[in-house]
Amino acid sequence: MDKFLVKIPGDCTAGKSRGGNPEETGQDKDDQSEEEHRNKKLKSNTHIEGATFLKEKPEKNYTWKKISAEGLDCDYTLLFDKTEADKIFRDLEKEIIYFSGDSTKVQVYGKWYSIPRKQVTYGDPGLTYTYSGVTLSPKPWIPVLDHIRDCIMQATGHRFNFVLINRYKDGNDHIGEHRDDEKELVPRSAIASVSFGACRDFFFRHGASRGKKPLQRIESVKLELAHGSLLLMNYPTNVHWYHSLPVRKKVLLPRINLTFRKVMNLK
Ligand SMILES: O=C(O)CCC(=O)C(=O)O
Ligand SMILES: [Mn+2]
């Protein structure tokens with residue numbers, strides 16, 4: 001398989017770099033109120049809420065790397081420095097309670113399998129998410145997830161109402177090739193993928209390049225998702241490209257990935 005490695009700031013070996021302008025990412029907004037929020041945020045970091053003046057956290061500058069290919073549009077940055085990422089990782093390990101029992105199985109071609117990782121969803125009340133034949137109801141938001149969600153909002157202008165969390169105990173745990181194309185997702189919405197713990201390889205493969213006799217030879221895209229990183233998958237990435245986190249026997253440490261999504265209430 002032909003691959004190319006996208007060199008990204010703060011990858012598994014590199015140091016952390018900051019600076020730059022989040023406006024340069026050029027991501028589309030699918031919601032006008034988000035756009036307004038972002039414009040307001042840029043004009044001033046002080047706002048009025050009721051009669052109280054609240055000082056928002058100082059704006060951070062992020063160094064964004066654009067990752068693009070035919071039908072693939074992603075933005076990558078280090079969202080948290082090492083100290084903060086370490087603290088969040090510890091909090092997640094303490095606070096997140098993963099699904100057990102039937103919710104830990106997926107259906108593939110009619111057969112049920114245990115997933116090779118732990119999984120759970122958190123989100124706004126009333127939402128549900130069907131993933132590989134399993135309908136997942138979210139647990140209510142908790143402070144550590146609110147904090148990550150707020151930081152994503154600050155960095156990207158996107159507000160998410162749902163998060164799917166995957167915990168990979170070591171390099172044997174993995175996720176197979178798939179697209180995030182569930183019917184509950186708001187059409188054309190971005191997905192924000194935040195990672196903590198072990199740095200892992202992450203692959204994108206174009207749909208036309210899959211299978212024994214691919215229709216086209218489009219180079220795969222390989223990323224390394226670092227501790228504290230954010231990968232923003234913009235439309236139409238998940239229409240054309242499949243992604244996976246393969247087994248890496250040499251990885252001995254755990255990793256937690258959170259994919260923040262905009263989910264519709266289909267009831
Ligand atoms: O662990 C990752 O980086 C990817 C997780 C993922 O693709 C998913 O939850 O849909
Ligand atoms: Mn996915």
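Even glycines carry a Cβ here, placed using N, Cα and C.
Those TrEMBL annotations? Automatic predictions, nothing curated.
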Say TrEMBL lists N166, Y168, H243, R255, T259, R261 as binding 2-oxoglutarate: which of H147, H178 is in the same site, per that record? H178
Measure from each Cβ of the binding-site residues Y131, Y168, D181, R255, T259, R261 to the atoms of ligand 1 and list the residues where some distance is under 6 Å. T259
C-alpha spacing of R261 (2-oxoglutarate binding site) relative to Y129 (substrate binding site), in angstrom: 10
Select the closest residue to Y168 (2-oxoglutarate binding site) from the following binding-site residues, measuring between CA atoms: T130, Y131, D181. Y131
Would you mind pulling the longest C-alpha to C-alpha span across N166, Y168, H178, H243, R255, T259, R261, which the record has binding 2-oxoglutarate, in angstrom? 20
Measuring CA to CA, name the entry from the binding-site residues T130, Y131, D181 that ends up nearest N166 (2-oxoglutarate binding site). Y131
